[in-house]
Each structure stands twice: as C-alpha cells, then as structure tokens.
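Listed in Swiss-Prot:
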type	residues	note
ACT_SITE	C267	active site, nucleophile
ACT_SITE	H294	active site
ACT_SITE	D311	active site
BINDING	C209, C212, C241, C244	Zn(2+) binding site
Amino acid sequence: MVARRFVVRQGGGGGGGGEAEEHEVEYDTEHGLDILRLQIFSLTSVPPELQKIVVEADGSVVDDGTDLEAISEGLRLVAITGEEEEAEAAAAAEAARAQEKSDEELARMIQAEEEALLLQQYSIRNDGGEEFRERVEPYMHQVLMYEDPMRQEAARKTVPMDELQEKALVSLAKEGNFSPSKDEEDHAFLLQLLFWFKQSFRWVNAPPCDSCGRETFNVGMGTALPSEIKFGANRVEIYRCNYCSSTTRFPRYNDPYKLLETRKGRCGEWANCFTFYCRSFGYEARLILDFTDHVWTECFSNLYGRWMHLDPCEGVYDNPLLYEKGWNKKLDYVIAISKDGVRDVTKRYTRKWHEVLSRRIITSEDTVSAILSSITGKYRSGLSIDGLTALENRDKKESEELSKAAYLEVDTSISLPGRQSGSVEWRKASQKCSTYILSITSGNGCG
C-alpha cells in the first residue's frame, strides 16, 4: 500500500485550443485503477468508461497491468471520442466474426457430426428411453419444491439483503454506472448472491467427527432415519473417526429448506440450494444436471436476454466452457430442469459436439427429444395461452442460440481453471463415477 499524489492534466495540446486544466489526486495504490478512475471522474466529469489515462513521461497508457507505485506523478487524461468508440465497436464486431468457423472447418464438423450420428445407431441401448427418463423426470419433484412460498420466505431471511444490494451498487459504480436500470441492478445482485453463497456454504469431503471434531473416513452406507427421510435424505453415508472410533452420519438431504439449516454438502446440495435461492429472489432459474458427475445453475438474464451459467461450487458465472475446456470433462448429456419443464442444453457447454454425440448412447437423439417434450408438456399443461406462448418463444430463441453455439470457435487465448471444489482425493474418485448427483435416486453418491 503506497499513498501517491498524481497531477492529472486535462485538455490543451490536443489541437482543440484552450489551456490545460490540472487536477491533483490523492490516491492509495491498494484501491486499484477503478477507484482512481472514479476520483478523476469526480474532478473532471469524464465517465470512467470514456477515460484514457496516459503517463506524460513516456506516453504509455495506464491500464489494469500498470504498476501505479512506479509510474511518474504526471498523468494526462484523454476523453475517448465518438469516433474512437465506433472504432472499438467495429473491432469488437470483427473479433466476434473471427470466432466463427471457416466454411471449410464448419463443413468438416458437420460431416463428423453426421458420422457420429450414424455410429450412434449401433451403440444405443434399445430400452425405449426408459433409463433416460428415469434419470431426468425425478428431478421435476425436486425443482417444484423451489416454488413453495413458505420455503422461499425462509430462504430470503437467511440472506443479508441490504449488504448484497450495497455491494451490487458499488460494483456497478466501479464500472461507471451510477444510474443502473432494474435489469442491471438485478444482474449485479445475482452475482453478489453467488459470491455470498460461495462463502457461506460449506463443502463436505468427509464430515468431522460428531464426538471430537476430528477427521473421519467413509465406512459405507447406512439406513436413513425417519427424521432424515422427512427431508429427502434417502441415502446416508457413514463415517468413522480416525481418533475416537465414533461414527458420524452424513444424510444427503434433498429438501432445500433443510439445506438452509445444514448449509453443507457436495455439488448436489450446493446447486440445489443455490438454485432455490435464485427462485426465492424471483429469478427464472434452472437446475442443470450433467450426467457425468456435476450439477449447477442457470438463470435467465433479462440484461443479456439469454440463459446464463452459474456454478456456486466454483463461484463462476457465464463461463459454460469451464467443464470441457477447464476440467477436461467428457460431457454427454447436460439437461436443464425447472418448473416449466426440461431442456437439453448440452450444446451450450461444448465445442466438440461430434465427440459428445459418440458418448450419447443411452438412447437415440429422437427419443431424447421426445421424452423431454413429453415431460415438459405435462408440466405446462395448466398454463394460459399467453404464458405458454411466451415460453415457446423463449425456447425457440434458445434453440437457435444452442444450434450456433456448438460451431463457434474456442478462444484459445483464454485459460480456464480445473476443478477447485472438493479435496484432491474426492475429485479423483469423482472422475471415476457417473452416478445421479442428487440422492433422489440410487447410486454411490460421487456427487
């Protein structure tokens, strides 16, 4: 932490005539560049997003990578002009176009997809899709619990709303947004809810001993007690203490109301409870089931006009390639589940669709679509015509988005992290498992 005094020159010497104005800024380098921009804004009325700060001594541009402790005190402020904004927008548009596959590469991908579909016919299991249905439909009961007004009120009472709202507004102000729209405020609050949840929920590899608080090891499964079954814990893991040999129970609760109390678990409990929180604050939210070994959340962003990925275990948002590119996961089925039905959203999370197709062997693609449509139709049957039309229009827009997503180029310059949640031992075990993540079905509970 270093206290600095900068002299910021504004105007003059730029061909526009007039004397340069000088402003002195007292600044603590610990606070970061965003705070410096806000201080300059208070003196010059140039919004942070339109500021270009240049070191007068060498002409270098001050950015997030600049060592603010080492530069000279003389700074020059240049307001970005409309022409520069247009140039930046044009460059961004060109970069977006460059992301799309070349015609030749796209043709290769489509051919590989057709070949994968052909081979899939010889690999799929001929059970009429019953296994697939059994892995998806039970989760509808799970997500419908999120709609209980009493549960939602209990959830809201556990959240420091005033604190998160303040943090949301501060985050917007740091971006130069001092008069945010409702959609912008809602979006910022959602991100603060994610960050808060990440800090307030506890990951469990092996629970501490109930008797002495020391480390335990798994010794198998136990029979659920009536008090545990009441809150959906059909599976109970049993652990023995390394020191006092006492046993500790770890019920895998499914009722999000109970998770408000326990505030612990693995990815199943984390995603279950966080999706419930999102619904409790009025966000359109879906539980996302990855058939390999993970669960997370999606919320519909009115700000972006699309569904947005959020992973409470990792504290990550809007980064759907995290699993394939960062974790090196071999995805097969990624299914979104909400009160309004179920959707296959696998294409959002892959840029290797033809490879994913080769692993989708539970049933045919037509059967997958038919089962999902059947489940969705069942849970939308009571909707009004207007409500149904709105959902169908949103589904259509999402289908178009997903169709394009699988053929977009991966930005190789972006490095995504591997999995952070869970111990190394647990992560290794998890990679060997492909069970149902929440304990509403049978399985050994890798998730």
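Each residue, glycine too, has its Cβ placed from N, Cα and C.
Sequence features, as recorded in Swiss-Prot, placed on the structure.
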residue	record	DSSP class
C209	Zn(2+) binding site	coil
C241	Zn(2+) binding site	strand
C267	active site, nucleophile	helix
H294	active site	strand
D311	active site	strand
Problem - Beyond the site residues C209, C212, C241, C244: chain residues whose C-beta lies within 8 Å of the centroid, for Zn(2+) - result: D210, S211, G213, R214, T216, N242, Y243, S245, S246, T248
Fill in the blank from the handout: Most isolated by CB count within 10 A, of the recorded positions C212, C241, C267, is C212
Handout entry: Neighbourhood of C209 (Zn(2+) binding site), C-beta criterion under 8 angstroms, separation at least six
Key = E215, T216, Y239, C241, Y243, C244, S246, T248
Exercise for the section: Sorry to bug you, but what's the C-alpha spacing from C267 (active site, nucleophile) to D311 (active site), rounded to the closest Å? Expected result: 9
Practice task
For C212 (Zn(2+) binding site) and C267 (active site, nucleophile), determine the Cα separation and express it in whole Å.
Solution key: 26
Exercise for the section: Can you grab the distance from H294 (active site) over to C267 (active site, nucleophile)? Cα atoms, rounded to a whole Å. Expected result: 6
Completion exercise
Neighbour count check, CB within 10 A, over recorded positions C244, H294; minimum at C244
Practice task
Measure from the Cβ of D311 (active site) and count the other Cβ atoms within 10 Å, all protein chains considered.
Solution key: 26
